[in-house]
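Over in TrEMBL, the protein carries these features:
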TRANSMEM  B:72-93  transmembrane segment
TRANSMEM  B:114-134  transmembrane segment
TRANSMEM  B:149-168  transmembrane segment
TRANSMEM  B:180-199  transmembrane segment
TRANSMEM  B:275-294  transmembrane segment
TRANSMEM  B:314-334  transmembrane segment
TRANSMEM  B:371-395  transmembrane segment
TRANSMEM  B:407-427  transmembrane segment
TRANSMEM  B:433-455  transmembrane segment
TRANSMEM  B:462-484  transmembrane segment
TRANSMEM  B:490-515  transmembrane segment
Amino acid sequence: MAKRVAVMSPQTRLARSRRRLRGRWRMPRLDPDDAERALRNYRLQRRRGVAALVLIFAMLLGLPLLLRVAPGLTDVRLLGIPVSWLVLAVLPYPLMSWLAGWQLRRAERVEDGTGHGDGAR
Amino acid sequence: MVPALAVAAVIGVTLFIGLRGVAAMRTTSDFLVASRRVTPLLNAGAVSGEYLSAASFLGVAGLMLKDGMGALWYPVGFTAGYILMLVLVAAPMRRSGALTVPDFAEARLASPPLRKLAAVVVLVIGALYLVPQFRTAGLVLTVVSGTPYWFGVTVAGAAVAATLALGGMRAATYVQAFQFVLKLLLFIIPAVWLLATVGEDVRHRALNPEEFTHFERDTTVTFRVDATLEPGGFVPAGTRMEFPAGAQVPHVVGSTPPGGEEWQLPLLDFGHSGYPLLGTLAVLVATSLGTMGLPHVIMRFHTSPDGRAARRTAAITVGLLGVFYLFPGIYGVLGRVLVPHLYLSGATDTAVVAMPLQVDSGWRGTLFTTLLTAGAFAAFLATSLGLLLAVSGAIAHDLSPGGLGRLRVTVLAAAAVVVVLALFAAHLDAGLLVTWGFTVAASTFSPLLVLGIWWPRLTAPGAICGVAAGLLSSSGAIAVTLFGPPLPGVLAILVTQPAMWTVPLAAVTMVLVSLRGRPPAWAMTAMLRLHLDEAREPMFQPRRGNRSAWSSRRWWTVRRMLRRSGR
């Protein structure tokens, strides 16, 4: 039988139980194997993260820029709806969902690779 | 009156689930174990449920009515924040074991002063984020029950504080996930009904905007805020004006009449400064980077069993928010046709709940008003409960430690302070209020988290200086907006939407001050711990009385290896 623990939300647990760690405290250490693996994860994730960041910022910068330089998009219509409205209200969401899925798969692949350096593809 | 009952019902159900629903779980197993089985999908529902606030439910459509199509950039930024979260923060944050940024500061940099500073920042963000929630809730209660604004705000504050103090503190993941589904349905169903009921003519006019120049029917406008009309001159708040059908619509000085050329601009041109691209980017920077630092959002990721699930949660959240945010635009364009006069009264936040009765004055209109009011209040409750608890936790445990009784008192006091602030916020621009909380989060916590997770050389003094620089510059800009003189052109954008320069300022300060000092010997280990995936996560090792030769040797092996491999 597991021990009984008061049921509460994570926020409540946090708010009620934040009274440890007074005084000196030392960083828990890493096994050499773990340190090596963490270092490899860190480097690969950093490289892949930068690519995803470039894409998302390109979208956040590119779409307003597109609407700025092509005001004529308001007059072009798709199913009766101005294209500029679609670019603003609909297009970003599928784009971002795709980007999220893409980055998620890439990030998980790094962790799935167990050897060294084979996740760099 | 009926919608007011719906609000009471939402509060009642939340209380009931908080008190009874979670208690039922206690018999099955330890909640901790249960929470480790929370799937990413359910948890993403919970994250979205807590994140979709009154500002999203009502505010975006209201901003559209007021500022034009460009207001739809706000939800884009709100959603993009979760991609940044996915890439930069979600998994390492979960792996650090920290629930909040003050905790993270302790785990990564072991600096009590930084922890206190972070707690102060939580208070500032919490206040700035809660005020627009309370303001919107107050405005909505005012509309559905006809009571004065101060009464609505006080009732909303009392409801949140009572729910939290009585038992809402137990509200758990599945309550929030249920809330997301509830909000989604309460938002989508009325939208579909509105679209189907308004008729061909309104749909056509919604897609072909024309400037709002003449009243179509007899309209009574109750001014919620002071306004200067042209023609008409100064009108104090609280004035009621009757406009007969066909009368010319007075122009409100300093705002955009719905439907005009400027209104249709799909970018955010603040105060007609003539720099719409800059204004849009300023909002996108603030909202997307700010999402990473919101106290109630970061906390929710802790319910994931591990870092991998936290990352999945962030990815699914992007999709869920994307579904929700397809709809504010529909309310916005319909609202411009159905309730354009709200732009005169300054109560554009109430556009969403005001629409059903314009379409159908019978029982259907009342029903859908009731549904929307209930949804808006559910949105308000979910966000405010999470934030108020985060704020109270920061006061009662980071700043001046005390017991549970203290926490309850703090909850009530914090709610009271926010109510007072919200009373004075009625006349403020909703768009500004919404972005301020995000701006402060973006210029303090997001550089701290990103550099803390990805840059081993970050030092505690660097983090303190950077957070302080971000806090002072962003809150200084807000103070100038509130109390300073009106500013022209680019300067106005840089001061009212300061994220464009405060975020780089904070980040550069952190980097420069850190480079001048030396990180402690364990800094690299502290950072690498965040990137170690769970399969081999070491168990927490309690401090030993005397270090064994073996553990010492192992420690030196790690150091040697790290040095050899550069950084």
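Every residue gets a Cβ built from N, Cα and C, even glycine.
At the 8 Å Cβ cutoff, the transmembrane segment (B:407-427) and the transmembrane segment (B:490-515) share fewer than 3 close pairs (sequence separation 6 or more) and do not count as touching. The listed stretches are B:180-199, B:275-294, B:371-395, B:490-515; of these, B:275-294 has the most Cβ pairs under 8 Å to the transmembrane segment (B:72-93).
The transmembrane segment (B:371-395) and the transmembrane segment (B:149-168) are in contact, since at least 3 Cβ pairs between them lie under 8 Å (pairs 6 or more apart in sequence). Sequence-distant contacts of the transmembrane segment (B:180-199), counting only residues of its own chain at least 6 positions beyond either end whose CB sits under 8 Å from a CB of the stretch, comprise 45-46, 48-49, 52, 57, 206, 320, 323-324, 327, 330-331, 334, 337-338, 355-356, 359-360, 364, 368, 371-372, 374-375, 378-379, 382.
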